[in-house]
Amino acid sequence: MASPGSGFWSFGSEDGSGDSENPGTARAWCQVAQKFTGGIGNKLCALLYGDAEKPAESGGSQPPRAAARKAACACDQKPCSCSKVDVNYAFLHATDLLPACDGERPTLAFLQDVMNILLQYVVKSFDRSTKVIDFHYPNELLQEYNWELADQPQNLEEILMHCQTTLKYAIKTGHPRYFNQLSTGLDMVGLAADWLTSTANTNMFTYEIAPVFVLLEYVTLKKMREIIGWPGGSGDGIFSPGGAISNMYAMMIARFKMFPEVKEKGMAALPRLIAFTSEHSHFSLKKGAAALGIGTDSVILIKCDERGKMIPSDLERRILEAKQKGFVPFLVSATAGTTVYGAFDPLLAVADICKKYKIWMHVDAAWGGGLLMSRKHKWKLSGVERANSVTWNPHKMMGVPLQCSALLVREEGLMQNCNQMHASYLFQQDKHYDLSYDTGDKALQCGRHVDVFKLWLMWRAKGTTGFEAHVDKCLELAEYLYNIIKNREGYEMVFDGKPQHTNVCFWYIPPSLRTLEDNEERMSRLSKVAPVIKARMMEYGTTMVSYQPLGDKVNFFRMVISNPAATHQDIDFLIEEIERLGQDL
């Protein structure tokens, strides 16, 4: 095994012993390279010498002289202790990298420089003195940079500049003061896993092309089903491109379970189907209904209480109404952690109703599923074990890098029967291994990204207790924020009571509005406060928090905490920053 000090740039011989007898030189290599045709020799010499004289090119101007960078050594020892020679990327293009002949050294040099750019960005992401975003309006970015695609290739110096520019204007989602979305933070193990996944660059449809990843998906989904509460982790599941697709999978499977003929005959052979979900549920239920031909009018929205929880009596009433009209209720989607309020529907009561009327029960726990990792908070999902299917997004509350969403199904084989098409060029039945590990035919997609490795590697690094600590910390920070602002001058809570999740919903009331009566004029003026403060946050780059209206409530801030880097001091900063930016409104 090579010692830790052998370094990134070392090239091991086949037996790992190295060869110290033939040191070689850049000059010797350059002389050999001149025998190659097509300009390869000149490019290799430029690579070896860096600041050497540029080769002449007929019929065109010379590229601008670029800063030389250190690259792989010029000797042939494996490993060696030579100092790295200079690389001038103005002479190099993507065609000089692997799999090009002699592309190893420029490839290592290029990827090392890309890695340096990425690592600098990672470090800056956690620096509170840096901006969350260097905001520019779309027309400014379009005018300042040429983003158009060209017919001719650019050199690698320009490619590296594009990498830097892209990250310069990207949102630092790992910044401790980024609270804008449900998915925040930047986990180092998850990041490493994502790099590995991209390097492996394989598909998830069969065991033969993704043996380890397929097994990890099997192990991880089984563990998630155990945590849900299904005996022995039995059932099925798949990682999908996001919670919206996971929810649509659930609708497809529920429909197939009730009417398996839909797979061949389509919706024309079915009665009108009706799905039920709360008025605070995610819009993906209606999108799924539209995509599946069920229609958005066939998604009935159930009333919620003042905390955003589905009212079971209204659910039962609407089911009976649909049945009286001759419609067929086929799915109830309860939400465990709504997007805005963070509400948890009463799953036990919903399960009783679904059992009574023989309706598929789905739980959209995309946001709230992470609480199942916490012994302190998992009670909020009591009844999830009675669901027929569950959506769970580890890329939200568990901090796994995007994307990582799972659909879990209680009945094994149902997903396969619903979606399989028996493509013989992929799913041959006479393979030499257990075909149950060829999982691709149960997916809607053919090409499917490897999403499991990030979650699996983070789970190995943290353990279940590590995820639990993260969840508990985030909910404690949410309660800390709530306790500060609930009685603070200039703040009004959108609903009474401490947060159910990490969602803290509130209005900031500027001094000019604090003495006004609670009437239409005040509401109209208040609706403009959050958008202006949010715009100022982005222009200063200090923090980011989302806002939205909901029902008859005008724009309010929705603070969500899933960022592992956030601390009590960041919550204090947020409050002070909102007051600073909104004081004059």
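In case you wondered, yes, glycine gets a Cβ from its N, Cα and C as well.
Of the residues ARG558, ARG580, Swiss-Prot puts just one in the substrate site with GLN181, LEU182, SER183: ARG558. Checked against Swiss-Prot, the residues CYS30, CYS163, CYS304, CYS418 yield a single entry marked S-palmitoyl cysteine: CYS30. Of the listed residues (SER6, SER278, SER424, SER562), Swiss-Prot tags SER6 with phosphoserine; the rest carry no such note in the record, though that does not show they lack it. Looking up SER13, SER129, SER524 in Swiss-Prot, the residue bearing an annotation of phosphoserine is SER13. In Swiss-Prot, the annotation phosphoserine falls on SER10, out of SER10, SER61, SER281. In this structure the alpha carbons, written CA, of LYS396 (N6-(pyridoxal phosphate)lysine) and ARG558 (substrate binding site) are 16 Å apart. When the binding-site residues GLN181, SER183 are compared by the number of other C-beta atoms lying within 10 angstroms of their own C-beta, GLN181 comes out lowest. Residues GLN181, LEU182, SER183, ARG558 make up the record's substrate site, and a Cβ search at 8 Å around their centroid adds PHE179, ASN180, THR184, THR339, LYS396, SER546, VAL560, SER562 from the same chain. According to DSSP, ARG558 (substrate binding site) sits within a strand segment.
Annotation for LEU182 (substrate binding site): spatial neighbours THR339, TRP367, LYS396, MET397, VAL560, SER562, criterion Cβ-Cβ under 8 Å with sequence separation of six or more.
Mapped onto three states, the DSSP output places GLN181 (substrate binding site) in coil.
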